[in-house]
Amino acid sequence: MSLPDKAFPVSWDQFHRDARALAWRLAGLNQTFKAIVCITRGGLVPAAIISRELNIRLIETVCVASYHDYVNQGDMVLLKGIAPELMENGGETVLVVDDLTDTGKTAAQVRTMLPRAHFACVYAKPKGVPTVDTFITEVSQDTWIYFPWDMGFTYQEPIAKGAG
């Protein structure tokens, strides 16, 4: 599999630093979160880091699938919903965590379930920015982020070779 022109590979170390930066930003909100709802699968890793840093013990998942072929975003499929007790009061004490907001479709679907929750992600693309409350790094819409859990060691052509 060759990398697209605008590839953004993220190492484990970089992702850990960025997820901790997100935790710092969230801590600065002076808001008490009683639970994290992570959007799986991408939200699992940042949720683990953020839950440790903010001492949030209750972690729930919501399973929404949209990338069925790892390339193109397709129809949203809700595979697992959220525990009813976390949906009380619109989820006002809930922190929703994901790795990335791309088009914002996934966050928008989850926001219908938790309209008063705080939505946070590590990375954001312009179309997804309006659907989250807090993020760390914005990348262009046509950039493909390669997360460390999706990658092995691969060779990348130098940028200058593709500019020709």
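Glycine residues also receive a Cβ, built from the backbone N, Cα and C atoms like all the rest.
According to DSSP, Thr103 (GMP binding site) is assigned to coil rather than to any helix or strand. If you look up Swiss-Prot, you'll see Arg41, Gly42, Asp98, Asp99, Leu100, Thr101, Asp102, Thr103, Gly104, Lys105, Thr106 marked as 5-phospho-alpha-D-ribose 1-diphosphate binding site.
Per Swiss-Prot, Mg(2+) binding site is recorded for Asp99.
Residues or ranges marked as xanthine binding site by Swiss-Prot on the basis of sequence analysis: Asp102, Ile145.
What Swiss-Prot lists as GMP binding site is Asp102, Thr103, Gly104, Lys105, Thr106, Trp144, Ile145.
The annotation guanine binding site is assigned in Swiss-Prot to Asp102, Ile145 on the grounds of sequence analysis.
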Least surrounded among the binding-site residues, given as Thr103, Thr106, when other CB atoms within 10 Å are counted: Thr103
Of Arg41, Lys105, Thr106, Trp144, i.e. the binding-site residues, those within 10 Å of Asp99 (Mg(2+) binding site) when Cα atoms are compared: Arg41
C-beta crowding around Asp102 (5-phospho-alpha-D-ribose 1-diphosphate binding site), within 10 angstroms: 24
